[in-house]
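K.L.:
Got a structure for you, questions after.
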Amino acid sequence: MCSFDCLCKNGGTCEPVSGECQCPAGFFGALCTEECPLGRFGVNCMSLCLCMNGGMCSPVNGSCTCAAGWHGASCEKVCDKGTFGVDCAQTCNCFDDVSCDPVSGECICSPGLQGARCDQPCGNGTYGAGCMGMCACKNNSTCNPVTGICSCPPGWTGIHCNLPCPDGYFGRNCSQACDCGTVPDAMLSKCHHVTGECQCPPGWTGPDCRTPCPPDRWGDRCSEKCECQNGGSCDPISGMCSCQPGWRGRTCDKECTMGLYGFNCAQHCHCLNNATCNPKTGECQCQPGWMGTACEFKCPSGYFGTSCQGNCICKNGAMCNSVDGSCNCLPGWTECPDDHFGQNCSEICQCEHGASCNHITGFCICKPGWRGKRCHRPCLKGYFGRNCAQMCRCPKANTCDHITGYCACPPGYTGSTCTLLCPVGKYGQDCNNRCNCPRNSECDAINGHCYCKAGYSGEECSPGLKNNNLGCPQGKFGVNCRENCTCENGATCDAENGRCFCPLGFIGTRCELGCPPNRYGINCVEECHCLNGGRCNPTSGQCACPPGFTGINCQQVCPENKYGPGCSETCRCKHGGHCNPLNGSCRCTLGRTGPTCEQECPANRYGPECSLECRCQNNAQCDKITGCCDCPDGFFGGMCEYKCPEGTYGWYCSKSCKCMNSATCDAASGQCLCPPGFMGSYCESECQVGFYGAGCRFQCDCGNFTCDRLTGKCLCPLGLTGPRCAEACRPGRFGLNCEQRCTCYNGARCDLFTGQCHCADGWLGPTCQEEDHDYNVMPSRGDIPKFPTRNFHR
């Protein structure tokens, strides 16, 4: 008989015999009071739950109640995209189909997005997963929010958009070519790398930079006004004045200083003997008295003044002053004032009694009645008049006045000085008596006696030996030829009065004196006109010229190429050398030397007789005449000591370089020396792809990738690095050249290109720092095996 109460709980039933509880599914225990432990279900909890990912298992039938974010019979499926929560019943509120966390519904932003709905791009300066990457883009370029790659605005290029377009290009991707003239026309004209507007180099203007600055303008857009004076031209680029020859200074306002001439006053004058130098041409303007290219020669004899164009007119052997033509007279040949004589009339006469002195010798020329060296003595008794040469005609008992010769006339004489005999046919006191004498006879003026005329003798006064065609024998004169002549040097005497008739070339009462210098002829009355030291023949007056002179009066220097006595020798001077008319020696023109001027100045010598040393530098040629330096291309300066400034080249740096892209040009030839990365005649072209360096001569060694055109360094794509871009980014790095640092944690893998984190199991979030549920261990009775359950989230 069933006498015990059944104590089973939760719908358990008692075994009718033993009373043991038979529990319904989901419970166990003696009285069915305990629910199945986690992970178990069914009768006596003997069935193992198959719920995954934190799903709760029904202890009765084992059906799974999934945790938020999961669904499926065993909760093995994560919520479909766009759903989350319990039974995946909720819809994600994320922008543009972005996935959300299946548990919380939190939007999981793709690289480059942020915000609760992932509807906002990464803020300024950030990119990548979680917007953790820092952009390095410059010049207002945009940064790709996913990759961080810079998108350059028009006018910029480079990895970080930090480089302007290369010269000659502008716009987006630097793909448009500038239209700003050509290299030969506008040299270094460029355009604005953003707008393409032409940016003319200094010296050019116009919308396309093809118009040069007008002569009075210079600089950027020809906006500056030139200040050059005195015809100086203005450099259209720098505004620097290029002065006309003869001017210098910043504005060509100063004349060349003394001793300099030419362009920029850079040439040295080589004028000698105080000559002035033309500041424009360097031509020497000689002082009077000098001639030659450098005024190195004195005027030749017979010429004077500027350029020796004046003809000397000095006479009587006087020397001509080569400067002003004034005559440097020989002694006696000047208009000496009274009482002076000699060289330059510097001697004082010592004459007395009003006598004048010879302006050559100082010899006193006495007034009539006086004699002696100083004319200090009266004439000797019986003489009077000039040189006391006249004898008194007074009666013997009386003397005449030594000056006038006046006396009381004795019988036979008449006249104021009793010097005249009675007229022919008269005699006696006061000539009152008439003579009566035969032919060829005269009567004595005193007593009337007849006597033969001079040159006749005998009672009949017949002709005798004649003297000087007058009748007396040679050496005799006077009445009846009784007197002896005293003449010398072959002179004849007058048969009547004994006066000497001097031969040519002699003077004096006895013809005892030769003609004084520069006198010749009868009684030396003729004046010689021999010049330049010529000797006068006292007989003929003919001039015997010294070496170097010719002409009737020796007035002419030997003609060109002649020299010596009579100008009979031929000069041997060459190349315009001046021949000395005296001895034929050569005075060479500037730049030549040698006995006959046959040699050019040797290297590094110039000037008169090659006596000066050249100072030219840098292999410049030295002008043999002036010493001026002819600079080779690429140099300038008075001694060619300066190299052309940057941007110029050629002869005296007169040409402007046309190189582009900061290239320099050869100072001599103007050839452009391209910097690494550029090529072309004007360095206008970048290296072709695959080449780099100076002259683009080197080939890149980067496999399938290109290299930097300057350095040759390989330009690796995202995620690669190494000398040849053969290495992937090492762990923790990503992006361009692997320069970006990954921010992934907990064993996550970092995308080499974008840096996006791929989380390891059990971790969530942009940087994989959000922990998922850890492994769970389910407690059970000792008779229930333990089966761990892992939460799978992704």
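Here the Cβ of each residue, glycine as well, is placed from N, Cα and C on the backbone.
So TrEMBL says this about it:
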type     : residues  : note
DISULFID : C23-C32   : disulfide bond
DISULFID : C66-C75   : disulfide bond
DISULFID : C152-C161 : disulfide bond
DISULFID : C243-C252 : disulfide bond
DISULFID : C286-C295 : disulfide bond
DISULFID : C366-C375 : disulfide bond
DISULFID : C502-C511 : disulfide bond
DISULFID : C545-C554 : disulfide bond
DISULFID : C588-C597 : disulfide bond
DISULFID : C674-C683 : disulfide bond
DOMAIN   : 3-33      : domain 'EGF-like'
DOMAIN   : 46-76     : domain 'EGF-like'
DOMAIN   : 132-162   : domain 'EGF-like'
DOMAIN   : 218-253   : domain 'EGF-like'
DOMAIN   : 261-296   : domain 'EGF-like'
DOMAIN   : 341-376   : domain 'EGF-like'
DOMAIN   : 482-512   : domain 'EGF-like'
DOMAIN   : 525-555   : domain 'EGF-like'
DOMAIN   : 563-598   : domain 'EGF-like'
DOMAIN   : 649-684   : domain 'EGF-like'
K.L.:
Closest to C588 (disulfide bond): which of the disulfide-bonded residues C252, C286, C375, going by Cα position?
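P.N.:
With Cα distances computed to C588 (disulfide bond), the winner among C252, C286, C375 is C286.
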K.L.:
Say you check the Cα of C511 (disulfide bond) against those of the disulfide-bonded residues C161, C243, C366, C554; which is nearest?
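P.N.:
Checked the disulfide-bonded residues C161, C243, C366, C554; minimum Cα distance to C511 (disulfide bond) goes to C366.
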K.L.:
Reported as an integer number of Å, what is the Cα distance between C75 (disulfide bond) and C23 (disulfide bond)?
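P.N.:
C75 (disulfide bond) to C23 (disulfide bond), Cα-Cα distance: 28 Å.
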K.L.:
With every protein chain in view, what's the tally of Cβ atoms within 10 Å of the Cβ of C366 (disulfide bond), excluding that atom itself?
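P.N.:
The answer is 26 other Cβ atoms.
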K.L.:
Which residues does C252 (disulfide bond) neighbour through Cβ under 8 Å, counting only same-chain ones at least six apart?
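P.N.:
Listed in sequence order: C228, Q229, N230, G231, G232, C241, C243, Q244.
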K.L.:
Far apart in sequence but close in space: which same-chain residues, 6 or more away, have a Cβ under 8 Å from C597 (disulfide bond)?
P.N.:
C573, K574, H575, G576, G577, C586, C588, T589
K.L.:
Rounded to the nearest angstrom, how far is the Cα of C545 (disulfide bond) from the Cα of C23 (disulfide bond)?
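P.N.:
Here the two Cα atoms are 174 Å apart.
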K.L.:
Long-range neighbours only, meaning 6 or more apart in sequence with Cβ under 8 Å: which ones does C375 (disulfide bond) have?
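P.N.:
C351, E352, H353, A355, C364, I365, C366, K367 - these are the non-local Cβ neighbours of C375 (disulfide bond), listed in sequence order.
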K.L.:
Mind tallying the domain 'EGF-like' (649-684) by DSSP state, helix then strand then coil?
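P.N.:
Reading the DSSP string over the domain 'EGF-like' (649-684) gives 3 helix, 9 strand, 24 coil.
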K.L.:
Around C683 (disulfide bond), how many other CB atoms lie within 10 A of its CB?
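P.N.:
The Cβ of C683 (disulfide bond) has 24 Cβ neighbours within 10 Å.
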